[in-house]
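Asker: Features from TrEMBL:
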- 108-132: transmembrane segment (TRANSMEM)
- 108-536: domain 'Major facilitator superfamily (MFS) profile' (DOMAIN)
- 161-182: transmembrane segment (TRANSMEM)
- 189-208: transmembrane segment (TRANSMEM)
- 214-236: transmembrane segment (TRANSMEM)
- 248-269: transmembrane segment (TRANSMEM)
- 281-301: transmembrane segment (TRANSMEM)
- 347-367: transmembrane segment (TRANSMEM)
- 379-397: transmembrane segment (TRANSMEM)
- 418-438: transmembrane segment (TRANSMEM)
- 444-471: transmembrane segment (TRANSMEM)
- 483-502: transmembrane segment (TRANSMEM)
- 514-534: transmembrane segment (TRANSMEM)
Amino acid sequence: MVVIPSIKVINFVLLPPVSLPSLLPSLLPHSFVTRSYLFSFPQYSPPTIIYSTGNMRVTPEQNEPLPTVSSTTIPVVITREQLSQIPVNAKIIPIGKEKEEKPGGVRYMVLVLTMTCLSFMMSNVICFNFTVLCMPGTGEPAELSENKTQYIGYSRKEKTWLFSAVAVGAMFGLFPVIIGISTYGLRKVFFAAGMLTSVTTFLIPIMAPMDFNLFLLMRFLQGIAYAACMPAVGAITSSWASMTQQGLFIAALTTFGQLSSIFSMPVAGELCVSPFGWKSVYFLHSLISMIVFIAWFAVFTDSPKDNRFVRTLELFEIQKGKSSAATAKVHEQEPTPYLEILTTPSIWGVWIGALGDLIAVQLIHIYSPVYLHDIGGYSVEKTGFAAAVPVLFQFLMKMFAGHSSDRITGISETTKLRIYNSIALGASAVFLVALGFVKEGQGMAGLILMTLATAMFGFNGGGFTKCAALVSRQYSHFVMANVQFLLCLSMLLCPLLVSYLLRDGTIAEWRLVFFVHAGILVVCNIVFCLLATAKPAPWTDRTLKPSASRNTPLYTLKA
């Protein structure tokens, strides 16, 4: 095997078009590497050959005729470890034995399975948001009669405790999840969380009638499992999404809040009024979540390099343009630079933008059934379907926003982040203000405005969540873990804030609730726009130089 000895640099070198053809006759006609591809760079004008150095060989396979070499394509034999040297804009053309190989779509299978797992992790948590309307309180007789047509249920204080227990559990579980992913990888940690949420959801109908504290414990354990959601989003986007699909993956994976409501609200509404009763809601969720997590565990690996289903062409697509540090295996990565991440202004912009978004989203998730039932005048059965409508549109909008943010050209990536985030938070604030002026009994008007406000949140897939992935790269699991912490914080703050503002449930109090949340959205979006950037932070690759002050950590690790 022959390496051109005159080229000795890192990354890529531009050669005159005549250089490579003149060198080819001197190369040995064999290779010990089994993958041969042509890399075409048609965007260069005049046509220029790009030769990647390192250990790449410019030679064909053994006993294969030398492929035609034009001024814009060169034959390259490459190993899996050298994938990070391929730029994002390289077009890959298989030759030789690999010309019949199809790219494959394992990353999309991983994406769909992870979306499903995350959705049922969330569904197990939020099904209580609806069943609280139709389940008896602890110790209350389960039988209804002609004189007693509905349950007394839980008091306002007990509901607050049960809502908050999940958030507290998620906060307690967050640090072990971060350490677990860094040490053992996402596959083991996320599967363990999936089994925990499945078991605790199954036990809730058994424990809730027996003792309130046991019910509270089950909700707390659900929260510990729930802590793995956002770190999983960050880790999978970093390892499985190509550089041209970051927006799509981050948007799709963060739709679990919407997908869970689309499934759980109507199903809970139907089962609550069916002969199966409210307990069947939890049993069904538990069974499905266990099945999907087992399927995910069978397919997923922490790195696409280790996945037996991933073909080489797909691996090229996933890893081209990423640094070698970003594509390293878990045990090969540098220790997470916690202090540098925590002192990077653009990361704080992500977190502040996330906090405003999540507090408002919690308002919709937790209180939309209550608002539509009490103010809109919907029945219990219709409330389930009505509450699912806003999040259905949010899911569709999020998928559109994530895909379009990857495809739109002509403006900088940073500008796109600011535009999409402003639509997500700013437009939602406008519709929440309008929702405050809806009168009692105008259920359809309230549902339409709530749907519009909720749908706009879907643009966050091209806003702060995409910013987190672009800036933090292989450490996005830690950045998203802090988003998970903020999600837990919002789950605590939103019920407390709403309970403080909504003492009697009057229309005037609901108006104040919507106005306050709109104000939070506007302030948080302004901060994000000031600090946002699309450039990777210098701590993701030690060869990078700081690109802007907002992307430079205040604390820098000494070499």
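Numbering starts at 1 and runs along the chain as displayed.
Keep in mind that glycine also has a Cβ here, set from the backbone N, Cα and C atoms.
Help me picture where these features are in the structure shown.
Answerer: Under 8 Å from some Cβ of the transmembrane segment (161-182) lie the Cβ atoms of residues 125, 128, 132, 154, 188-189, 193, 215-216, 219-228, 231, 235, 330, 336, 366, 477-478, 481, 484-485, 487-489, 491-492, 495-496, all in the same chain and six or more residues away from its ends.
Beyond the ends of the transmembrane segment (189-208), by six or more residues, the same chain brings 117, 120-121, 124-125, 127-128, 135, 138, 173, 177, 180-181, 214-215, 217-219, 221-222, 224-228, 232, 278-279, 282-283, 285-287, 289-290, 292-293, 296-297 to within a C-beta distance below 8 angstroms of the stretch.
Packing against the transmembrane segment (281-301) from elsewhere in the chain are residues 106, 109-110, 113-114, 116-117, 120-121, 123-124, 127, 130-131, 186-187, 190-191, 194-195, 197-199, 201-202, 204-205, 264, 267-268, 271-272, 307, 309: each is 6 or more residues past its ends and has a CB under 8 Å from a CB in it.
Through the fold, the transmembrane segment (418-438) approaches residues 353, 356-357, 360, 375, 401, 405, 411, 445-446, 449-450, 452-454, 456-464, 466-467, 510-515, 517-519, 521-522, 524-525, 528-529, 532 of its own chain, all at least 6 residues removed from its boundaries and within a Cβ separation under 8 Å.
Same-chain residues lying 6+ beyond the ends of the transmembrane segment (514-534) with a Cβ under 8 Å from its Cβ atoms: 345-346, 348-350, 352-353, 355-357, 359-360, 363, 412-414, 416-418, 421-422, 424-426, 428-430, 432-433, 435-436, 463-464, 467, 470-471, 497, 501, 547-548, 550-551.
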Asker: The transmembrane segment (483-502): which same-chain residues, six or more beyond its ends, come within Cβ distance under 8 Å?
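Answerer: Contacts of the transmembrane segment (483-502) (Cβ under 8 Å, skipping residues fewer than 6 from its ends): 156, 160, 163-164, 166-168, 170-171, 174, 223, 227, 229-231, 350-351, 354-355, 358-359, 361-363, 366-367, 465, 468, 509-510, 512-513, 516.
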Asker: Given pairs 6 or more apart, does the transmembrane segment (108-132) have at least three Cβ pairs under 8 Å with the transmembrane segment (444-471)?
Answerer: no
Asker: Over the domain 'Major facilitator superfamily (MFS) profile' (108-536), what is the model's mean pLDDT?
Answerer: 86
